[in-house]
Amino acid sequence: MTSNERILQPFTLPNGTELKNRLLMAPMTTCTGYFDGTVTSELVEYYRARAGSIGTIIVECCFIDDYGLAFPGAIGIDNDEKIAGLAKIAEAIKAQGSKAILQIYHGGRMVDPQLIGGRQPVAPSAIAAPREGAAMPRALSGEEVEGMIAKFGDGVRRAILAGFDGVEIHGANTYLIQQFYSPNSNQRDDEWGGSRDNRARFPLAVLDITHKMARQYADDAFIIGYRFSPEEMEVPGIRFDDTMYLLEKLAARGVDYLHFSVGATLRPSIVDTSDPTPLIEKYCAMRSETLAQVPVMGVGGVVNVADAELGLDHGYDLIAVGRACIAYPDWAARIAAGEELELFIDSTQREALHIPEPLWRFSLVEAMIRDMSMGDAKFKPGMFVETVQDDANELVINVSLENDHIADIELAASPVQTVEFTTSFEEIRERILTANTPHVDAISGATSQSEAVKKAVAKAMLKSSKALAAEEGGNDAAPKSYDVVVVGSGGAGLAAAIQAHDEGASVLIVEKMPTIGGNTIKASAGMNAAETRFQRVKGIQDSKELFYQETLKGGHNKNNPQLLRRFVENAPQAIEWLADRGIMLNDITTTGGMSIDRTHRPRDGSAVGGYLISGLVRNITKRGIDVLLDTSVEEILMSGDEVSGVRLVNDEKEVIEVQTKSIVVATGGFSANSAMVVKYRPDLDGFVTTNHKGATGSGIALLERIGAGTVDMGEIQIHPTVEQQTSYLISESIRGGGAILVNQQGNRFFNEMETRDKVSAAIIALPEHYAYIVFDEHVRAKNKAADEYIAKGFVTSASSPRELAEKLGMDYHAFLATLECYNGAVEKQHDEQFGRTTALRAPINEGPFHAIRIAPGVHHTMGGVTINTDGEVLNVDQQPIRGAYAAGEVVGGIHGGNRIGGNAVADIIIFGTLAGHQAAKRARG
């Protein structure tokens, strides 16, 4: 029998159930459930598409208790109402001829409090996971441990009633069952902890109740599997002999298979790194005759027949397949037919492959996505040597190109290279090669280096394309032509480009900076919109009229009423526009000046800017929209009173003319142009700015030269919470999450949720001219941005208010009195001191306690060029300049005398898509 035949032959489990082959789809979290853990139709179709040729599908982990979900969008089996939805998954899989097994789990101390309504996670002991930002769990009482076992039993019963052929007990990945067995997380002194036998009681009890439910509600064919992580890195922690001890006990009680949870089938020890022996070989050598009767399953890195064959040869009986089943729904049929597969996903095929939007954005899936739109791109094959600069070093990059793809990227030897440097280079190299485009996300912690490498690849591609054109007899000096030219690659520019492309226009994006993202990438709070479906799901009652009135009030009634009305009316559609393109802003908070939770942000509560730009860039790449970086627009060319083209200059000092019928200027404001700021606001001389260095007002000057009018140029906003050493903006969502502001004496001094101008003025009026944002662990847990501030060293933390006050040099008694007074206001939902009416969410009483020193900085310029409600640029006589459109901070009039936090992101998407629509409409006739 050949190896291929071995893989595809039926396999009988110890309980007599026959699997049609040895191949299983591994359980992989998709984050595609509804907010309440119920099943979506998209998830049903995802599993239906992957059933059939593969013998068995293990459905992603289901939480058995509403304290147990470890992921946003997780699906649950914690109540009987979930049975109907799960039954749809089971039926979809079984109808195609595959077995359906459901994995059940509880996250324990790995649960983020924000996923369970801000409640404290539970665990065997009150010991936080050894990772940055981990929440402190509450230890389960003895009675609660018994109750938790019963909940696992109820989960098994529901899985049976939903029609599943079996369950897999998730005893791996540091979740609750593993936590009970680990001496790191279980330091109890009762019958559930202490000795290895006591620590094994919980996983064995879960197996026992699973058998009990199977006997009561299922037949003998019901499959019971157990997944385990063979080792832990922590000290103390689970070692391989501990694992073998537990597995022997599980086998003695009866289990139909055991499932290694490792990243690669032949992974060696992560504890004894000097020993290269694969753990599966150790397992086979150490197991008893009883354990040898239990089939063992391997997972990790299986793409082709040879990979599965290697696993069988080393001792696995069954092979679970992960990413390959995502990339190829019919994976088993393909390898049965002898296909050799490459692990990539065509960026245009998400819908065809039935990959849910949340799963599409997972890093492991994103790494497989390849931009197939470059099929039309043609290069002159060869190696191009590019010299670029990151923040600290000059880098020499060798870029090898073939006719239609990027073949390789090499970093020339340099004495400045470190292990960290070369590691991050390899990561960005892999992203670019996999995506076949330089427009990929930078590596976290290595942004400057990543952008330099991306720039080198982009320059090489441009040179190669020009060389090929010259070789084929093309005239490189001849003007290029696009329907729409977008100037600026922040959120407004990218949104305009995507919209114009989707309406049939050919589009060029021109960006003067070396990187995509503009100032949007620094946005933190979120995106305001009223009457959205995400508000309705959360039961938030809101109205567009209230949004309009609060924005008008916040802008001191200086807003252009027509533009503001268009802004408010189009905001919900803008949220949906993003969602339709895979950018989900479905977590909701509030910002200063708003009385309702309407600030939409990413599901995990992280800063909106990077998430938004990453999603928009994926859409740009997917569509094959041309982008020129390090290129400035020197002049907008006119033919009579109409736009006819642009004159560009790149970083090689080449002058390029591009013909176009429509131009969208989305270059941002002028906060980084200190001379321009001081011209209109002399009182702001010396203030730092939160903006990136490209925010110089160049687009305003460009449009003024063709006759554009301007408005509100003296309306410049300072943001109250800026870290002064780095000019880093501290998100308004921290205050919106329940933080307070205190002065150096430890006292509150103003309503933290007032508009930015008023809060800034109050801080400036303090003798010290700075303040502290103070918050506790509850606020930190619900705001992912806070973890970033901690990592950057902005945060002073302490275990108690007294310790925090001492570290900040403030009077402890005054600080404690401040906290007591504020916590009383939260309890009464009434702030007698300063009239705060919003974001009185929870008392500040959960340690550790945190503080960030802040002061105001120049943040937003409300003034800019004049436009009408169609995004057309108006001249000094308020007449449209034909073919000229503008969006984002380059525009004046929308925000009046003060911009509300969360309105800028709404502005760029609303007016960016509007400008893109109108520009394409004009260009296409």
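Placement of Cβ uses the backbone N, Cα and C atoms for every residue, glycine included.
According to Swiss-Prot, the residue from HIS778, HIS830, HIS850, HIS859 that belongs to the fumarate site alongside ALA525, SER731, GLU732, ARG899, GLY902 is HIS859.
Noted from Swiss-Prot: of THR447, THR551, THR621, THR838, the annotation FMN phosphoryl threonine belongs to THR447. From the candidate list ALA492, ALA842, ALA923, the residue Swiss-Prot records in the FAD site shared with GLU511, ASN519, THR520, ALA525, GLY526, VAL633, HIS860, GLU889, ALA904, VAL905 is ALA492. Considering only the binding-site residues ALA492, ALA525, VAL633, GLU889, the residue whose Cα is spatially closest to the Cα of SER731 (succinate binding site) is ALA525. Each of the binding-site residues GLU732, GLU889 was scored by other CB atoms within 10 A of its CB, and the lowest score goes to GLU732. Within 10 Å of ALA525 (FAD binding site), judged by CA to CA distance, lie the following recorded positions from the set GLU732, ARG756, HIS859, ARG899, GLY902: GLU732, GLY902. For the succinate site, the Cβ centre of ALA525, HIS719, SER731, GLU732, HIS859, ARG899, GLY902 serves as reference, and the other residues of the chain with Cβ at most 8 Å from it are ALA523, SER524, THR591, GLY592, LEU729, ARG756, GLY901, ALA904. The fumarate site in the record is lined by ALA525, SER731, GLU732, HIS859, ARG899, GLY902, and its two most distant CA atoms lie 15 Å apart. DSSP assigns ARG899 (succinate binding site) to coil in the three-state reduction, placing it in neither a helix nor a strand.
Looking at ALA525, VAL633, the binding-site residues in this record, the fewest other C-beta atoms within 10 angstroms of the C-beta turn up around VAL633.
Take the recorded positions THR447, ASN519: by the count of other Cβ atoms within 10 Å of each Cβ, the lowest one is THR447.
Counting only residues at least six positions away in the same chain, the Cβ atoms of GLY554, GLY555, GLN717, ARG756, HIS860, MET862 sit under 8 Å from the Cβ of ARG899 (succinate binding site).
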